[in-house]
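All remarks here apply to the structure that follows.
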Amino acid sequence: MAEEMESSLEASFSSSGAVSGASGFLPPARSRIFKIIVIGDSNVGKTCLTYRFCAGRFPDRTEATIGVDFRERAVEIDGERIKIQLWDTAGQERFRKSMVQHYYRNVHAVVFVYDMTNMASFHSLPSWIEECKQHLLASDIPRILVGNKCDLRSAIQVPTDLAQKFADTHSMPLFETSAKNPNDNDHVEAIFMTLAHKLKSHKPLMLSQPPDNGIILKPEPKPAMTCWC
């Protein structure tokens with residue numbers, strides 16, 4: 001399913017730019033899409049981060065991601081309208097095996113996420129980096145490191161200097177933020193828009209026609225669970 005969906009995204013035109021002319025409707029304007037994958041352990045807040053950027057708010061509730069899900073947002077940069085797709089997968093291996101090869105296809109950037117209140121999620125980062133290497137992502141693909149839940153100051157387990165050292169070792173910028181409280185440290189909006197500006201300057205044209213609501217794949221309804229920022 002993911003393969004068919006992705007093929008259709010890359011092979012079609014955006015429907016938002018059609019205009020009428022003397023001979024009827026002109027071909028719709030082309031728009032570029034950028035696929036950014038968001039990876040990390042379960043419960044680090046990946047879904048909440050993507051929801052914050054695409055919907056502009058913290059979700060009232062969320063469900064455990066099963067398989068792959070993505071959200072999309074159109075933004076304008078230097079007069080050009082582009083689409084940012086944030087792909088989010090389950091952090092649990094049993095939900096990832098059947099989808100992972102599709103998840104890494106045609107990736108433009110990677111966001112590694114850890115929970116600042118959970119040292120184990122930070123220690124898992126090398127395994128996520130290794131997974132990227134195994135799927136042959138080009139070395140020039142932008143990568144950033146995001147520590148989430150910085151608003152929970154009394155529960156912080158991962159100090160900034162430790163995270164910064166790790167980021168420097170892997171040539172990644174570090175951001176510390178909170179999907180729940182956007183006023184804490186690096187704003188989620190600024191993080192993804194900074195990445196979008198960088199991608200716009202370097203990546204080739206890709207054509208797309210995903211639905212405007214942006215949420216394409218969703219798990220079957222399950223009881224609500226806490227997003228934990």
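The backbone N, Cα and C atoms fix where each Cβ goes, and this holds for glycine too.
Not measured: the values here are computed from a predicted model.
Taken from Swiss-Prot as is:
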{"type": "BINDING", "residues": "ASN43, VAL44, GLY45, LYS46, THR47, CYS48, THR62, THR65, GLY91, ASN148, LYS149, ASP151, ALA179, LYS180", "note": "GTP binding site"}
{"type": "BINDING", "residues": "THR47, THR65, ASP88", "note": "Mg(2+) binding site"}
{"type": "LIPID", "residues": "CYS227", "note": "S-geranylgeranyl cysteine"}
{"type": "LIPID", "residues": "CYS229", "note": "S-geranylgeranyl cysteine"}
{"type": "MOD_RES", "residues": "CYS229", "note": "cysteine methyl ester"}
{"type": "MOTIF", "residues": "56-68", "note": "motif 'Switch 1'"}
{"type": "MOTIF", "residues": "89-108", "note": "motif 'Switch 2'"}
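DSSP classifies LYS149 (GTP binding site) as coil under the three-state reduction. Reduced to three states, the DSSP call for ASN43 (GTP binding site) is coil.
When secondary structure is read from DSSP and collapsed to three states, ASP88 (Mg(2+) binding site) falls in the strand class. The average pLDDT computed over the motif 'Switch 2' (89-108) stands at 69.
DSSP assigns ALA179 (GTP binding site) to coil, not to a helix or a strand. ASP88 (Mg(2+) binding site) and ASN43 (GTP binding site) are 12 Å apart (CA-CA, integer value).
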